[in-house]
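Asks: I have a structure here, written as structure tokens, and I will follow up with some questions on it.
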Amino acid sequence: MKTDTPSLETPQAARLRRRQLIRQLLERDKTPLAILFMAAVVGTLVGLAAVAFDKGVAWLQNQRMGALVHTADNYPLLLTVAFLCSAVLAMFGYFLVRKYAPEAGGSGIPEIEGALEDQRPVRWWRVLPVKFFGGLGTLGGGMGLGREGPTVQIGGNISRMVLDIFRLKGDEARHTLLATGAAAGLAAAFNAPLAGILFIIEEMRPQFRYTLISIKAVFIGVIMSTIMYRIFNHEVALIDVGKLSDAPLNTLWLYLILGIIFGIFGPIFNKWVLGMQDLLHRVHGGNITKWVLMGGAIGGLCGLLGFVAPATSGGGFNLIPIATAGNFSMGMLVFIFVARVITTLLCFSSGAPGGIFAPMLALGTVLGTAFGMVAVELFPQYHLEAGTFAIAGMGALLAASIRAPLTGIILVLEMTDNYQLILPMIITGLGATLLAQFTGGKPLYSAILARTLAKQEAEQLARSKAASASENT
């Protein structure tokens with residue numbers, strides 16, 4: 001019987017096949033691999049920058065409070081020093097922004113969104129130092145601002161710096177790394193990697209170009225930035241509120257009511273922010289001296305409040321555990337809420353380098369706690385815990401204001417480590433988002449970006465008219 005024997009590959013054929021395989025690998029486009037490698041570099045640098053920024057803010061705040069200790073015996077002098085220390089730090093931040101990089105003012109997140117749409121420039125060589133040191137001044141002075149805005153804008157600008165240094169070309173690389181830097185900045189600011197990823201997918205969904213390479217790059221950047229954060233900090237929840245009880249199913253309707261309240265308040269808060277921007281702009285009129293002095297007055301006011309009523313100023317992270325634990329009376333909660341709304345509007349709308357995430361988390365906590373205390377009194381049969389409403393409220397204002405409910409929910413869960421409250425948080429966030437959309441107003445960052453682009457267009461038109469007039473003469 002005749003059997004077939006397999007033909008053996010000759011050594012020459014094997015060598016030829018290996019050469020063809022090597023040639024194919026060498027000729028293959030290396031751009032995706034380069035982007036992923038650059039994403040790791042960007043994430044590492046952003047994480048280190050976020051850690052340095054956080055440590056710098058903490059050091060300045062400690063130095064400022066240490067200076068007050070030496071004047072504790074003289075109350076009028078103590079108040080004067082409290083005002084001046086914060087005012088000088090704030091004026092330093094305002095001056096840097098106004099003089100050297102106006103685009104570094106405010107949150108910075110709308111600037112990154114505009115850059116992703118190719119409508120705003122990314123001048124990293126001036127934004128990075130101004131945002132970093134200007135943010136140190138305003139946040140170190142105790143103003144009612146958050147650190148996530150600076151770290152997101154710093155992250156986006158670091159990505160552009162890496163692109164320029166390594167001369168990586170192409171729109172895909174630029175767009176992908178810009179989104180990676182922004183996500184890494186948010187993740188490192190709050191030790192919340194999943195929230196950083198969702199922030200890009202949800203909040204920046206109109207600008208983010210979703211591809212397999214871009215989402216992998218965002219993942220890698222967020223992982224590296226979070227690792228850098230955790231190397232220099234502990235792997236614990238950023239805000240320690242303890243383990244709260246779960247929400248029984250028969251109480252979930254209360255969280256929907258809470259979401260409706262935030263759905264009403266969110267668009268109103270956005271209108272207040274934009275209205276305060278207009279009011280403060282009329283005050284300084286674009287004059288750098290008036291603008292810096294106005295910023296100093298706002299910063300000094302926050303410094304005074306930080307000494308007299310600490311719960312009413314600053315980013316609000318120290319307030320959240322105290323409010324969640326139920327250590328404030330209803331009257332005190334109302335006072336803190338009103339005072340923090342005012343300080344947040346003044347600080348953020350004035351163009352100070354700083355974010356609004358953290359202040360909104362604090363406002364949501366206070367309003368949620370107040371609602372929880374009322375619910376505890378009205379429905380004793382439910383055996384409610386006011387702290388669960390505080391946690392649900394933390395992300396609800398974000399959902400209503402910037403229309404990013406998933407980001408708000410996951411951010412709060414990662415920050416507080418109370419994952420058992422995910423269902424009431426989803427209900428609260430959904431109620432807040434749906435009602436905010438129904439009432440009309442635009443998301444806060446979108447409205448701010450639209451204003452920035454309108455101002456940019458007006459300035460370009462004015463320059464073109466001036467150029468035409470000079471040519472005619």
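The backbone N, Cα and C atoms fix where each Cβ goes, and this holds for glycine too.
Values in this document were obtained by computation on a predicted structure and should not be read as measured data.
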Asks: Starting from the chloride binding annotation in Swiss-Prot that includes ILE356, PHE357, TYR445, which of SER86, SER107 is the extra site residue?
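Replies: As annotated by Swiss-Prot, ILE356, PHE357, TYR445 share the chloride site with SER107, chosen from SER86, SER107.
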Asks: Hey, in Swiss-Prot do ARG209 and PRO380 share a topological domain, i.e. the same side of the membrane?
Replies: no
Asks: Looking only at the motif 'Selectivity filter part_3' (355-359), what is the mean pLDDT?
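Replies: It averages 93.
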Asks: What stretch of 109-116, 387-401, 405-416 shows the most Cβ pairs under 8 Å to the intramembrane segment (193-201)?
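Replies: Going through each listed stretch, the top one turns out to be 405-416.
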Asks: Going along the chain, which residues at least six beyond the ends of the intramembrane segment (387-401) come within the CB cut-off of under 8 Å?
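Replies: Counting only partners 6 or more residues beyond its ends, the intramembrane segment (387-401) has Cβ contacts under 8 Å with 241, 244-247, 254-255, 258-259, 262-263, 265-267, 269-270, 320, 323-326, 357, 360-361, 363-369, 371-372, 375, 407-409, 411-412, 416, 418, 421, 424-425, 427-433, 435-436, 443-444.
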Asks: Tell me the residue counts in helix, strand and coil for the motif 'Selectivity filter part_1' (106-110), as DSSP assigns them.
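Replies: Its residues fall into 2 helix, 0 strand, 3 coil.
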Asks: Give the nonlocal contacts of the intramembrane segment (177-189) in its own chain as ranges (CB under 8 Å, at least six residues past its ends).
Replies: 35, 38-39, 42-43, 46-47, 50-51, 54, 109, 112, 115-116, 122, 146-148, 151-160, 162-163, 168, 195-197, 199-200, 204, 207-208, 214, 217-218, 220-222, 224-226, 228-229, 355, 357
